[in-house]
Amino acid sequence: MVKVAFIGVGRVGQTIAYNTIVNGYADEVMLYDVVPELPEKFEHEIRHALAALRVKTELLSTNNIDDISGADIVVITAGKPRKPGMSRRDLFIDNAKIMIDLAKKLPKKNKGAMYIMVANPVDMMASVFMKYSGENTISTGNQVETMRMRSYIAKKLNIPAYEVGGYVGGEHGEAAMVLWSTVTVKGKPFSESLGVNKAEVEDYVKKIAAEIIRVLGGTTWGPGADIEEVIRSVALNEGKVMSVAFPHKYEDEIIHISEPVVVGRTVGPALTSALDENDKARLSQAIKEVYNVYKSNLKELEQVIS
């Protein structure tokens, strides 16, 4: 039996939860939000869809965090969303306070759960939650960027996206990078001779989210599908290789950073050895950059909550 809890059912949380539910592998899905009536009314919407889709999934909706109990997987989308003109990092203090509160409450009734962080800045929020809870925590990291990279190359070459392989690593955000030694087209190593410029791809991966937010008000459908794939790989122990952010020990902190890694009920091993030296060096630099920003933000956070 697989039980999945969603903490936060705003725009992104609803989309991920819907995709999870209609795929039918979760026996029970729990929906929590602080907004009165929001989980309940979302549950009604889902039930109306399930009646047509003939999917059998038990649903629980609540505004009481104590009702979230016995989950195998806890997906955290709760937090302030990114607005036009904002960096993901701008959300650190406000969302970190939410993560600390959740870290005190959720583990009590969800022993042994895998926590999947979605709230931004997603990698640092995973580190904050793990720091204050001690629980097994990953973030969805650069799985979404990975699909953006593949889809962009596929569109430029007029081929299906599933014929493009490879991963984006580093931080979900400013330090994201295409790991070019992993990228393939129709099973062969990527080459700019195909007519796709590397710098153009990197630029797209880093900037397209902000452009979507500017016009649509948020990114929804891409993350909704891409993040559900992470949940499914954990729930069904599929062992897919994905670019999610998992814990790395660096200096005096645990830092979450993305690189290709096997994802199932446990996360690992990482495929670091498959990267070329240039990609390894870029990842090392990304970890350092994220650590420095994280430490600076932690100091500010400690002043706010003390």
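Just so it is clear, glycine is given a Cβ too, placed from its N, Cα and C backbone atoms.
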Task: Candidate sharing the NAD(+) site with GLY8, VAL9, GLY10, ARG11, VAL12, GLY13, ASP33, VAL118, ALA119, ASN120 (per Swiss-Prot), from ASN64, ASN95, ASN158 - done: ASN95
Task: For HIS172 (active site, proton acceptor), the number of other Cβ atoms found within 10 Å of its own Cβ - done: 30
TODO: Over all pairs in GLY8, VAL9, GLY10, ARG11, VAL12, GLY13, ASP33, ASN95, VAL118, ALA119, ASN120, the listed NAD(+) binding residues, work out the largest Cα-Cα distance in Å.
DONE: 17
Task: For ASN120 (NAD(+) binding site), the number of other Cβ atoms found within 10 Å of its own Cβ - done: 25
Task: HIS172 (active site, proton acceptor): nearby binding-site residues from GLY8, ASP33, ASN120, ARG148, Cα cut-off 10 Å - done: ASN120
Task: For the binding-site residues GLY8, GLY10, the one whose C-beta sees the most other C-beta atoms within 10 angstroms - done: GLY8
- [ ] Taking the Cβ of ASP33 (NAD(+) binding site) as the reference point, list residues of the same chain whose Cβ is under 8 angstroms away and which are at least six residues distant in sequence.
- [x] ILE7, GLY8, VAL9, GLY10, GLY13, PRO39, ASN63, ALA78
